[in-house]
Amino acid sequence: MENPSTPSNFIKNVITEDLKSGKVKEIVTRFPPEPNGYLHIGHARAIWINFTLAAEFGGKTNLRFDDTNPVKEDTEYVKSIQEDVKWLGFEWEELRFASDYFDEMYNRAVLLIKKGKAFIDDLSADQIRETRGTLKSPGSNSPYRDRSVEENLELFEGMRDGKFSDGAKVLRAKIDMSSPNINLRDPIIYRISHTYHHNTGDKWCIYPMYAFAHPLEDAIEGITHSLCSLEFEDQRPFYDWVVAECEMPNVPHQYEFGRLNVEQTLTSKRKLKLLVDEQHVDGWDDPRMPTISGLRRLGYTPEAIRNFIYETGISKTQGVVDLQMQEHFIREDLKLKAPRTMAVLNPLKVVITNYPEDQNEWFEVENNIENPEMGNRQVPFSREIYIEQDDFMEVPPNKYFRLFPGNEVRLKNAYFIKCNEVIKDEEGHVVEIHCTYDPETKSGSGFTARKVKGTIHWIDASQAVPAEFRLYEPLIKAEESDEEIDETEEKEEKTFLDQINPNSLEIVQGFIEPGMKDVVPQDKFQFFRHGYFNVDSKYSTPGHPVFNRIVSLKSSFKMK
Ligand code: ATP
Ligand code: MG
């Protein structure tokens with residue numbers, strides 16, 4: 001991998017210190033997604049930080065599914081997440097499921113009850129919320145807080161054995177209802193949910209809460225540094241409480257880094273799921289989705305994503321990254337890798353009237369002028385060709401140097417042609433134009449007698465391969481991104497739908513060079529003047545390729 005080491009950062013300093021002092025012998029990290037959706041570009045940062053930091057110090061990283069909320073989880077996600085982590089180029093040490101530890105979690109909860117550190121509460125979820133207090137005022141104790149250990153044990157067993165309905169009771173930690181940290185005000189640690197679990201089936205009808213389960217999972221696996229995004233910072237005291245009070249032999253420590261937010265990019269699984277469920281997009285891997293699978297289908301490479309993440313760094317600040325910076329890295333990665341060929345997206349037929357009808361010729365062309373190792377290819381030319389509709393104007397504005405009646409341009413890699421006649425249909429639309437070519441002007445012949453101002457690309461009509469091109473714009477209109485990470489309200493969840501860009505997909509039909517007829521999904525090209533394209537894995541068929549435009553060629557973005 002190109003970037004095996006992380007830039008200097010605060011977590012790295014902690015690790016270095018911990019190894020030096022002998023506090024830990026080997027670094028063990030984990031990437032702990034909840035399998036309730038596909039991974040997105042934000043997760044790439046968490047993945048990258050956990051895997052590269054451990055690897056850098058000779059340690060290891062587990063992939064652990066945090067599957068403690070069966071209502072939202074699915075094996076489809078378990079599968080896609082593994083595929084995406086591998087594709088990004090990371091190898092986990094062990095594949096684990098939080099649900100593998102349900103027995104141990106249950107036993108640790110029993111331990112808390114026995115120590116008088118947890119109690120069964122009959123208050124409803126609403127009542128618990130109402131008595132929790134606010135940032136300014138303390139909460140109040142539940143009337144059930146002083147139940148005896150025996151009664152708590154019996155009720156907890158009853159919960160486990162299915163004696164109560166969903167929501168009837170919860171197990172709460174007994175800490176301090178007046179703590180300035182709301183997370184320490186007797187947080188719920190187990191809830192009743194008669195729900196089938198993708199891993200444990202119907203074995204359990206009670207499930208641990210994330211905040212209780214997570215530290216236990218880390219401790220069980222011997223995680224040394226539990227790295228997560230900043231929204232978990234306030235949970236750290238409870239994390240430490242759980243590890244200590246549950247008497248876990250291994251003591252992991254949590255460190256937080258800033259979330260990655262990219263301009264015009266949603267990085268919330270809930271929102272992305274809504275886009276999928278309401279069919280605003282064509283599935284989780286729609287090329288407009290900021291999911292890893294969407295970016296892959298669009299044409300991003302793992303290298304581009306890793307280099308982008310590397311450059312955005314690890315910091316505690318959660319600024320919004322310029323979308324152009326993300327795009328910069330895919331251009332950089334493909335610049336020398338992708339063959340540079342011609343494609344005509346909105347074709348206009350050109351007949352070269354002085355070129356013999358039975359003649360054709362082949363031009364030898366470099367595949368990538370910046371990378372001679374990519375060799376050459378043959379491009380055919382004959383009497384009829386296609387050019388872009390945009391490259392011809394019957395009445396040109398000032399400074400239009402492409403084709404118009406009486407004007408001469410260079411055909412890329414071929415000859416100068418001059419427009420003599422415009423053929424229109426009954427409604428006055430231009431259907432074809434007639435040109436003449438000058439045999440003296442063949443590309444590479446050293447012809448200098450006169451110059452032209454415009455160079456346009458083209459495809460030989462007799463051998464053109466029809467293709468579809470899908471041009472994208474960001475799914476979300478400018479100035480919207482997921483900077484706000486605390487939007488939990490249902491209504492806020494819906495309002496972002498107003499920000500969906502109605503023009504995010506444009507489909508056009510055109511032609512590619514005959515040498516490209518056998519392209520397969522994930523083949524990538526730079527089309528002259530149009531940008532970088534990737535063969536789509538869903539809609540492309542043999543003989544009729546469909547291309548996704550990954551990114552256009554131009555950018556005003558400059559790396560600092
Ligand atoms: P949701 O969007 O459903 O709230 P999530 O994005 O937090 O979920 P998890 O499955 O809980 O998804 O995330 C797994 C890990 O990825 C967590 O450790 C989380 O800190 C990290 N993570 C998620 N989003 C980002 C992001 N935008 N930037 C950096 N890390 C992230
Ligand atoms: Mg989360």
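Cβ atoms are placed via backbone N, Cα and C, with glycine included.
The following features are taken from TrEMBL:
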type: DOMAIN; residues: 26-335; note: domain 'Glutamyl/glutaminyl-tRNA synthetase class Ib catalytic'
type: MOTIF; residues: 33-43; note: motif ''HIGH' region'
type: BINDING; residues: Glu34, Pro35, Asn36, Arg259, Leu260; note: ATP binding site
type: BINDING; residues: Asp66, Tyr210; note: L-glutamine binding site
type: MOTIF; residues: 266-270; note: motif ''KMSKS' region'
type: DOMAIN; residues: 338-438; note: domain 'Glutamyl/glutaminyl-tRNA synthetase class Ib anti-codon binding'
type: DOMAIN; residues: 455-536; note: domain 'tRNA synthetases class I (E and Q) anti-codon binding'
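Positions of the features from TrEMBL, shown on the structure.
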residue : record                   : CB count, 10 Å
Glu34   : ATP binding site         : 17
Pro35   : ATP binding site         : 24
Asn36   : ATP binding site         : 18
Asp66   : L-glutamine binding site : 21
Tyr210  : L-glutamine binding site : 17
Arg259  : ATP binding site         : 17
Leu260  : ATP binding site         : 28
Helix, strand and coil residues within the domain 'tRNA synthetases class I (E and Q) anti-codon binding' (455-536) as assigned by DSSP: 16 helix, 31 strand, 35 coil
Binding-site residues close to ligand 1 - of Glu34, Tyr210, Arg259, only those whose C-beta is under 6 Å away: Glu34, Arg259
Cα distance (Å, whole number) from Tyr210 (L-glutamine binding site) to Leu260 (ATP binding site): 22
From binding-site residues Glu34, Asn36, Arg259, the one whose Cα lies nearest Tyr210 (L-glutamine binding site): Glu34
The domain 'tRNA synthetases class I (E and Q) anti-codon binding' (455-536) [mean pLDDT, rounded to integer]: 87
Shortest C-alpha distance to Asp66 (L-glutamine binding site) - which of the binding-site residues Glu34, Pro35, Asn36, Arg259: Glu34
Pairwise C-alpha maximum, in angstrom, for the residues (Glu34, Pro35, Asn36, Arg259, Leu260) that bind ATP according to the record: 20
